[in-house]
């Protein structure tokens, strides 16, 4: 099951869990009423009159909640009417469809309370047979009222009601609607066989899992029998999917290290070398002689390291593999005692008396010489020029001189040793083999050589034990400390560390991976914008420094006129200082007024000034703080309301009268008396 499907399944189960109480609160079922027989022999109505010419009978059924005393009112559980079913007396047949259906169906959509009230009325109609309840002139024949309890079930409850005029036989029951179960038809269960569950519904509404499934909602498959619980899993029944590092039909076989040539494993990614092999990947042959038999002509092979060996030759042979014979006579080709002589490319047999031929195989004897031994019979051939011996059993040879060796055919398998036993032979088997010809292999695992619950594997060179966790050695006899990191549980290049206990481990994930085994990749977070932040901070600092420089320059410029003004004031004479009128005593109202200078008798240098225009540039050294020379053009500034003001000159009799305004203005006026006599100077300061 994929992660996406698991997530969808969990959401579906959550939704089911939320909706389940609501489903249990509602219910659905059917109250069934089967009319069987109605008898009205006299054709009488409830009012005592009779039907003419006969009653045309139909029924009205009203089902409602339990009432100890039945009262008229709504049929709370349902109602139904029948068409005309017969005349005075009749039997009602079962009918499953169409008009006149029997049993009558009264469905309900609530939890069945277990009690009810039922009113069955028989009516006579003179009108329509199919919808008689709407016809005018209907008359009541009889009615019966049943009050009681009724459990949900498929068994019909049969009853019969009689009165003085009529008799009604009927039966009834309550059954649940499709997919509803339980004592009150309130348990909803819909069988399904899909991704969200595989089950059928029991009579009580409980789930019954289909074969191959289990779990609360039958959504968990039952894996193949024997599938290893930890090493395998399944997404459908009878399946066994191996987890990483395991293989086999039941996921009980570990996968050795990639590249392991001649080795096995007891845990995934291990490479335990077979006997005779070494190296990291068990690819170095430590027993080359056994595996390849490089030495020829019966020579002895000795191992001398990985892929190394030495051949010890038998007499008469030489070469790296003893493949070269030293003498052509080494095979004793001459028979009947003939001697062999080596020649350049061949050999020559020197036959003893009585024999001839290339290998001294022919005899010059005849039967008269009794050449046959051990009871052999002589038979002449070629008109007496030669003979042939017919040997008795167990003897052979041209003269029956050799005892039959029944072991020459090498009948013993698997290295068994053949032994002659008179007319028969026996095989002496090597350990681990048995049988007449040593053809049966005795399992080396029968002796249970593996200790501590190790698994024995019977191989050609002997048993090999697969040890359980915590043990090692050829026979699993050595107890070792378990290393939880030995199986390589961490993925994506993570570093494994052994935890507090031997069976625990911790994976140190590389950047970009998370999870207990570092198996989940994550999106790399964007790097912090150090360049943008540094640039922004630098710009702010530069702007602050620039503002500070501008403010400092402005302060220096503003301080310079004040210093010059104070210096000019300090350079004035005491007389000039005494004739300096403070600026606070003059008010400029920007109105043209007359300025009168009264000099007494001597008026040569003084006069009356009318509409005197004040030039603010006359005394630039006395500008107020914040004023700039040349900033303001020559403008007319007039005095306001007339307030007498006297200015003293060098001549006591000379007075300057001015009209001043008491109102404040943006500018202050200063009147200076020049050091020259009989001369009045007015200076203004902005």
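Cβ coordinates are placed from backbone N, Cα and C, and glycine is handled just like the others.
Checking 394, 611 against Swiss-Prot, you find N-linked glycosylation site recorded for 394. In this view, residue 271 (disulfide bond) is surrounded by 20 other Cβ atoms within 10 Å of its Cβ, with every protein chain counted. For the region 'Interaction with Notch1' (192-196), the DSSP counts in helix, strand and coil order read 0 helix, 3 strand, 2 coil. Within 10 Å of the Cα of residue 389 (disulfide bond), not one of the disulfide-bonded residues from the list 75, 271, 490 places its own Cα. Confidence across the region 'Interaction with Notch1' (192-196), taken as the mean pLDDT and rounded to a whole number, stands at 91. The Cα of residue 185 (disulfide bond) lies closest to that of 490, out of the disulfide-bonded residues 301, 467, 490. Considering only the disulfide-bonded residues 271, 400, 407, 467, residue 518 (disulfide bond) has 271 as its nearest partner by CA-CA distance.
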